[in-house]
Amino acid sequence: MKVHLFTDESSVNISPPISYHRGFLSDKQQQLLLDEVACYPLEKIEIEVFGKQHFIPRTQAWFGDIGCQYRYSKTLISPLPWPRVLSKLRQKLANDYALDFNAVLVNHYADGSESMGWHSDDEPEIEPNSVIASVTLGACRDFVLRHKSTQQKTSFALQSGDLLIMHAGMQQDWQHCVPKRLRVRQARINFTFRKIIPHFYG
Ligand SMILES: O=C(O)CCC(=O)C(=O)O
């Protein structure tokens with residue numbers, strides 16, 4: 001299923017370059033992945049924002065091929081080897097949508113008090129104009145997009161098993177975030193698959 005959603009009130013809506021596939025993962029596939037996530041070494045890393053150190057309001061882990069390092073704030077993170085089920089998920093994205101990724105960031109939000117602020121996935125180690133695929137497990141959370149120049153907003157309520165694909169142009173023109181939702185009591189896990197330039201950091 002390919003759906004484009006536009007929820008802004010302004011008269012001229014711009015479509016974000018996104019495709020949305022509800023129910024990409026079966027219940028069984030979700031359960032296998034959830035069982036594996038329970039063994040991931042998820043970490044709450046510390047980053048610098050405006051000269052001050054802060055812990056990110058979620059935990060995360062970075063998996064990928066050898067040489068696919070990524071930089072978060074001032075920290076250089078080396079990839080952990082692909083776990084079995086996550087590797088199958090990468091293969092499913094290749095088989096179903098011809099998407100080719102070499103790394104994935106796993107974000108774990110313990111409940112609705114954990115979040116991710118406005119940003120674009122435009123780090124220099126990401127292959128320019130490459131696609132980023134986001135798979136969600138667990139609690140339903142809003143994924144909000146904001147156009148960089150018009151400030152137009154669009155929101156997707158991502159459910160467990162959904163796949164959202166961010167196409168070329170998305171990171172240049174839009175930002176995204178996962179806002180706090182204090183009524184949400186369950187955990188959510190999100191996987192953003194990326195194409196990294198191998199050995200970008202040497
Ligand atoms: O949790 C999400 O849906 C968003 C993750 C995200 O924005 C990122 O990994 O850059």
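Using N, Cα and C of the backbone, Cβ positions are placed for all residues, glycine too.
Because TrEMBL annotations are produced automatically, they should be read as predictions rather than curated entries.
On its own chain, Arg71 (substrate binding site) has Ile77, Glu123, Glu125, Tyr201 as residues at least 6 apart in sequence with a Cβ closer than 8 Å to its own Cβ. What TrEMBL records for Phe50, Gly51, Lys52, Tyr70, Arg71, Tyr72, Asp122 is substrate binding site.
As annotated by TrEMBL, 2-oxoglutarate binding site applies to Asn107, Tyr109, His119, His176, Arg188, Thr192, Arg194. The Cβ of Arg188 (2-oxoglutarate binding site) has 24 neighbouring Cβ atoms from other residues within 10 Å, across all protein chains displayed.
As annotated by TrEMBL, domain 'Fe2OG dioxygenase' applies to 100-197.
Within the set of binding-site residues Phe50, Arg71, Tyr72, Asp122, Thr192, Arg194, Thr192 have a CB atom less than 6 Å from some atom of ligand 1.
With all protein chains in the displayed structure included, the most crowded Cβ environment within 10 Å among the binding-site residues Tyr70, Tyr72 is that of Tyr70.
When pLDDT is averaged over the domain 'Fe2OG dioxygenase' (100-197), the result is 97.
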